[in-house]
């Protein structure tokens, strides 16, 4: 019974981490049709921002939830102004340019911080469930993912900016027709997307050993989750993260972590084969 | 148009001969060999992406499969002729199956990219997890992360004791690249190649003309994989070790960069891009002032921003500005933009 | 009795709750020219797509020259000798006019024959001066003409055209009419069209679609003078 | 890091000056030492300090008048963590640069990529990294620890400390991890214990939640975790975060090689049991002086690790053999090395084992304590028993294989 609970928590955690990993990419992809292959590096920089801030004496939660998103958001803003905005509408080119950026950032961070592993410890203690000990931080990650989904949903549903964003998602020329400069919208979107990536990186910082190449571990998963989710932002992210998280955890528990990872990938292939437009391209059409 | 092809053959033979003579005077043949091999790998993606419109994020999967197939077969068979053939066939068959799955499922664009990427990742993870003694094919241990070293290298066909290595191996690779280049040229001049370009331009129209787009794309995909497989086998012979890093994302992305920098929709572009960038990487390894990853990334960003068509088309464009007509079926900015719009739908 | 080249039996297409094509029974005889008209959303384009293999009907069957082709892929239908032109110009932008037409010809003929056929077609459509230009650089009317050329070069016995005259100049339309008449000597033709003037100039029998179903089917003059059809077009209740 | 390099460049102005001499003079005069390491890319945390240690050793030798009256010139290449570049630069070193000896290689795959090239071109090769053992080739000298050297010392001690019999092994999924896991099993059984579970993790796995639950189900008395790299560091972190650290003791044969223990907080790291030939915290005069010299050359010695020290030993071992042989010819130097040369240094004594060309070293049993490694016990001169079981270069000097050691 205790074990069942532990497994449940681990599954929720796996789903939540996929949501966090995918969110920044999903926002940028969903609204701008830009696949940001430097997404993993944005997360990595979020981690570094957190650790640096904590080492400077900032409270860890402030560092994670405020400093990291802001720093990475600003980096994203610079990237958008310098590179991305020249490439709108050219999907493949943006992928290539952002891939170049990812290498660039790895190099840059290596030169600044060196290539040794860094990290901070978890701010939340573990606790016991019957005979088992669980990582208390798992709950924080799960909560963060839920808050993030609700937040995105609320912004899109209730605010004016959200309305414009939804319009832009449906048709990129619509917002322009409504009198909003698409340039501004894209800038704001990329900032938000980058900030979300930074946030995700920050949330994972206490769980991992951070190196400049850490981003590589995230990008493939983020990419797969977002594409398999399909066009709807929230529903897509939730459904594909749900499928992949649960599948991979089942196989991890039953067999081994390798098989868990491979199962995730195989599930992605099968899913896309059956639903070439992603889950929400097939179901939940037109929802958020 | 047989006349033009004959001209192609002469030009290729001549240029190859001159290069084989001059290049070893400038760069060591050992490094040249791998540049030639990368050129072939670049060409394989250039063919399917530049002329077939199939953006494969996992071309390196076929490269790696070719290399592994060769290594495993060579250990078991003890000579190199049959393993070389297998190293071409296995990736081709694998690509045909994968391609059939994707193209008959009407997957396009980004989705195609994701599937090829994911398949490459699966292979990478699988190869990495084969360190245990239970992963054996015949006499060959898969070796996991450390890969497979110490397999018999290329020998003169029919004479397993006479190895081809060093300078002769460079000549073998260079001649093979020239041959592959000619085969690709012939293919593109053939009806099959022209239809492939037509499919790249407009799939719906091609099918409304009565062409089976799915089958043709699958075949083209398999041809590309066969070339990548051959390059993989040559690489295995050159490095004398195969490791899972052949399947890595970095390797995969590098091939894409070669094509972009060299120029898509040309036969020469990907070869030039591959050889040029690989040599650059080799040169960068001899300095330690700036981080090399940073430079590679910067090059890519700058190319996409300022020379998105690549070096070769830019040069050809200059040339054409003063002479002659446009060449057949160049991929164009407009084409990539349409790719972006389609992803919207 | 002239052979029936295209027949649909109870063809129905639903999208979710919307019935885009409702129980359409349609017959076309060899060398007949038929126009499909109807207001926006009447189902004529859906019907067209189901016949051309671009969509698979929810129910019902399609027969071509007696062979059932329901659910076939477009290339299978095209391979039978059916020429199809879709609503938006579907051409290969980066290829030349000649290459475009050659590719269509090559599907049915060996290389040498295809070269000859394509050359012939270029001349027939007076595309000679622009034969080496890429399609992407051509004007809309020229693109439409090229597309018609690559439909015609396969010597089809059935031609399906979706709004061939859309957005063309009067002069272009006139030329188009000539080509269609010429095609009609060997092929049955289905034209989906909005442009009433064009229809009047070309059609004999017209099928009117309304709310997914066939409203009436008669000679063009009688259809044009029909009160119900007028009402449908003006948006009044039929 | 950049700053360090600048300091270093300034400190070695003499060498830079030498590089500006006409090439012919230099080539005739200097002994060429080839270095081939990943100083950028994902493995540079290992490679950079190794490169620094190699240059430190060479500078010391040059400062003391060089070898056989000649200066030593370093010819180095950065392989950028790319296996293909290893092959290329190995060719470059042996054919174009015609170096007298090569030090380098980090991963086993990189060693295997260049070992045959070195052998074919008759260039002496030193591989100075902890690895899975079993390489048997007269042209190569390996001075890194092998699994049996570590496990034989670590396992019985850790079991005694843990006060139980049941062991769960969590190992990195590659050759080193696989082989180490088997040695652990052997030594656990010899000590009367039992391995209740073994899991392997690819190097990029960073989420150990499920595994930690699984381990708890098996309820072992000791967890041995030969996990490798940044992603695997997450395990130690997550293990502590779930509050397991005080319930089941941890031991590792790898944690700390890349100075991972300095990243973990005391709450996460304290008490983890390890066994190495070197730690920055060894309290010996040699180590203190070594760290001073390192600080003088590069500044802060925190990046220093066992692999760097092995590299330092490697260069000095070679130099001692050259001096003893009075020649830089491969065969003469090899013969000198095979007399069982030993070198004293910051980690104690390294002795060449003539039979296997591996090293007999001192192994320190240590516990992590507040970012440091506290030496509990030092076992002196532990021979490479695993490689010795399969390799005898005295009997078979032409051997050229990496044996899979059967346990």
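Every residue, even glycine, has its Cβ placed from backbone N, Cα and C.
Given the structure is predicted, the values throughout are model-derived calculations rather than measurements.
Below 8 angstroms of C-beta separation, residues 59-60, 63, 166-167, 169-171, 173-178, 180-182, 185, 227-228, 230-232, 234-235, 238-239, 255, 258, 270-272, 274-275, 278-279, 282 of the same chain, each at least six residues beyond the ends of the transmembrane segment (B:12-41), sit close to that stretch. If you look up TrEMBL, you'll see B:12-41 (among others) marked as transmembrane segment.
Note on the transmembrane segment (B:47-70): residues 41, 80, 83-84, 86-88, 90-91, 94-95, 109, 112-114, 116-117, 119-120, 123, 127, 148, 151, 184, 187-188, 193, 196-197, 199-201, 217, 220-221, 223-233, 235-237, 242, 244, 246-248, 251-256, 259, 264-267, 269-270, 329, 331, 335 of its chain, located 6 or more positions outside it, place their CB under 8 angstroms from a CB of the stretch. The transmembrane segment annotation in TrEMBL covers B:47-70 (among others).
The annotation transmembrane segment is assigned in TrEMBL to B:82-104 (among others).
Within the chain carrying the transmembrane segment (B:110-128), a Cβ under 8 angstroms from the stretch's Cβ atoms is held by residues 54-61, 64-65, 68, 98, 102, 142, 144-145, 244, 247-249, 252, 343, all 6 or more beyond its ends. Summarising the annotation, TrEMBL assigns transmembrane segment to B:110-128 (among others).
Among the features that TrEMBL reports, transmembrane segment is placed at B:169-188 (among others).
Residues 34, 37-38, 40-41, 43-45, 47-48, 51-52, 54, 56, 59-60, 62-70, 83-84, 87-96, 98-100, 103-104, 173, 176, 180, 184, 187, 192, 196, 242, 246 of the same chain lie 6+ residues outside the transmembrane segment (B:218-235) yet bring a C-beta within less than 8 angstroms of a C-beta in it. What TrEMBL lists as transmembrane segment is B:218-235 (among others).
Sequence-distant neighbours of the transmembrane segment (B:255-280) (same chain, 6+ residues past either end, Cβ-Cβ under 8 Å): 27, 31, 34-36, 38-43, 45-47, 49-51, 57, 59-60, 63, 177, 181, 184-185, 188, 296, 299-300, 303-304, 308-314, 316, 327, 329-332. The transmembrane segment feature in TrEMBL is assigned to B:255-280 (among others).
What TrEMBL lists as transmembrane segment is B:292-319 (among others). Residues 257, 259-266, 268-269, 272-273, 276-277, 280-281, 284-285, 327, 330, 333, 336 of the same chain sit 6 or more residues outside the transmembrane segment (B:292-319) yet have a Cβ under 8 Å from a Cβ within it.
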Tertiary contacts of the transmembrane segment (B:169-188) (same chain, 6+ residues out, Cβ under 8 Å): 5, 8-9, 12-13, 16, 19-20, 24, 29-30, 32-33, 36-37, 39-40, 43, 47, 51, 154, 194, 196-197, 223, 227, 230, 234, 237-238, 267, 271, 328
Beyond the flanks of the transmembrane segment (B:82-104) by at least 6 residues, Cβ under 8 Å: 61-63, 65-67, 69-70, 73-74, 112, 115-116, 119, 154, 213-215, 217-219, 221-226, 228-230, 232-233, 236
